[in-house]
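J.: My questions all concern the structure below.
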Amino acid sequence: MVNGVEDDDSCPKPVGRSSVFYYGVGHMLNDISAACWFTYLLLFLTEIGLSPRDAAIVMLAGQIADGFATVFAGELIDRFGHFKKWHGAGSILAAISFSSVFGGCLPCKILASCSPLIETISYSTSAAIFNVGWAATQVSHMSMVNCISLNSTSRVVMTSCRNAFTMVANLSLYAVALVVFSTTKSTTHSDIENQYHWIAYTSIFIGCCFVGVFHLGTKEPRLKIRVHGTSYARISWAYWFKKVLYYQVGLVYMLTKLAQNVSQAYLAFYVIEDMRMAKSAKALEMYWTGQRLKAYYCAGGVLWVFCGASILFLPQSLSAFMYVISVFIGVANALMTVTGVSMQSVLVGSDLNGCAFVYGSLSFLDKVSCGLAVFVLQSFQSSSPRSQETLSTEYISVTRYGLGLLPAVCSLTGMAITYTMKLQTPHSKPLMEPLLE
């Protein structure tokens with residue numbers, strides 16, 4: 001056995017604990033920057049003066065760039081391999097460019113103009129560059145799990161560990177945000193920018209530390225493997241397009257990420273604008289078979305339906321109850337995300353030479369749909385959060401319906417599609433050589 005990965009002629013063995021840990025921490029930079037992106041980007045942009053629609057354009061630009069980059073990254077990884085090189089290069093680009101997303105408008109300073117058009121173009125460009133690096137890291141890391149082990153249970157365990165560190169990343173971000181918002185003032189435009197600068201820079205530092213641990217502890221998996229002496233050629237796109245399960249898994253994953261990302265994007269708005277809670281409350285936020293994957297996914301979906309109903313009808317007088325709802329939202333997102341990603345591993349099976357394309361193409365749906373959803377919701381926001389305080393109580397909150405209704409509908413639809421799936425997790429054929437060099 002090499003670093004916990006199977007290396008004999010028996011059925012694939014579970015990977016070692018150290019391999020699971022090192023793999024799990026490899027997405028921390030992406031996770032903590034994504035948490036900051038979805039939780040605070042719209043809030044940051046509207047607080048510095050952009051309209052809700054312009055703020056949504058910035059996020060949409062990033063999501064579209066991310067969506068296309070995932071497809072291209074997946075194709076290139078399938079062709080040339082080198083998961084860790086793609087991961088490292090993407091991490092460097094994401095870390096450098098993320099600081100500019102929350103780092104102010106550089107063209108505005110050069111041109112001595114703060115027009116909304118220049119600000120929107122500047123932030124949109126930074127967002128697009130950041131998401132290209134983010135996509136390369138995501139696709140390389142997600143597809144790597146299939147080349148580390150053919151054991152279906154080990155794949156779920158590694159995905160679960162990855163998701164556990166996603167929770168660590170979220171909690172780390174909210175802890176940093178809580179300290180920043182509680183200890184610094186936000187009376188001027190400059191003060192607001194400085195708050196988000198500290199949050200972004202600290203997040204990057206934390207994420208980069210974990211990326212270093214990942215690269216030190218994880219060996220490069222072999223993209224080309226042999227089963228019973230047979231060498232697999234690269235799998236064409238048409239192979240996946242002919243599979244019904246490809247479209248089912250794609251829809252379920254898209255709906256899962258849509259529920260997760262929209263809830264993350266609007267939770268901060270909801271607790272501040274609808275519940276009138278304190279500003280520091282923006283820092284809110286625990287042997288597998290196909291049938292078990294479906295059962296746990298549905299459990300998360302049911303939780304989201306109840307959370308959505310609670311959000312829709314929660315009065316301001318019970319705003320403290322949002323802390324409890326947030327916990328259940330976290331549990332629901334965790335259950336749906338782990339099982340949704342694990343369904344992708346079931347789809348890939350032992351067809352490893354096209355796995356990066358699968359993850360990249362399915363992520364394309366998730367990124368573009370999320371960007372469009374946020375853009376549509378923000379387009380109905382007729383005013384910025386600050387000016388909404390003067391509106392009448394009859395004002396229909398897009399935030400409340402976006403956070404409470406959309407993720408719940410996505411969860412219900414995902415559950416219905418999951419019910420129709422035929423997820424098979426057969427024992428894989430034995431390997432002739434280890435997957436790690």
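Heads up, the Cβ atoms here are built off N, Cα and C, so glycines get one too.
When I checked TrEMBL for this same protein, it listed these features:
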TRANSMEM  20-43  transmembrane segment
TRANSMEM  55-74  transmembrane segment
TRANSMEM  86-106  transmembrane segment
TRANSMEM  164-184  transmembrane segment
TRANSMEM  196-216  transmembrane segment
TRANSMEM  295-314  transmembrane segment
TRANSMEM  320-343  transmembrane segment
TRANSMEM  355-378  transmembrane segment
TRANSMEM  398-419  transmembrane segment
J.: Are there at least 3 C-beta pairs under 8 angstroms linking the transmembrane segment (398-419) and the transmembrane segment (196-216), leaving out pairs fewer than 6 apart in sequence?
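T.: Answer no, regions not in contact.
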J.: Using a Cβ distance cut-off of under 8 Å, indicate which of 86-106, 320-343, 398-419 has the most pairs with the transmembrane segment (20-43).
T.: 86-106
J.: Which stretch, 86-106, 295-314, 355-378, tops the Cβ pairs under 8 Å count with the transmembrane segment (55-74)?
T.: 355-378
J.: Return yes if the transmembrane segment (320-343) and the transmembrane segment (398-419) have at least 3 CB pairs under 8 Å (sequence gap of 6 or more), otherwise no.
T.: yes
J.: Under 8 Å between C-beta atoms and at least six residues away from its ends: which parts of the chain pack against the transmembrane segment (398-419)?
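T.: Sequence-distant neighbours of the transmembrane segment (398-419): 248, 251-252, 255-256, 258-260, 262-263, 266-267, 269-270, 273-274, 294, 297-298, 300-302, 304-305, 307-312, 332, 336, 340, 343, 373, 377-378, 380-381.
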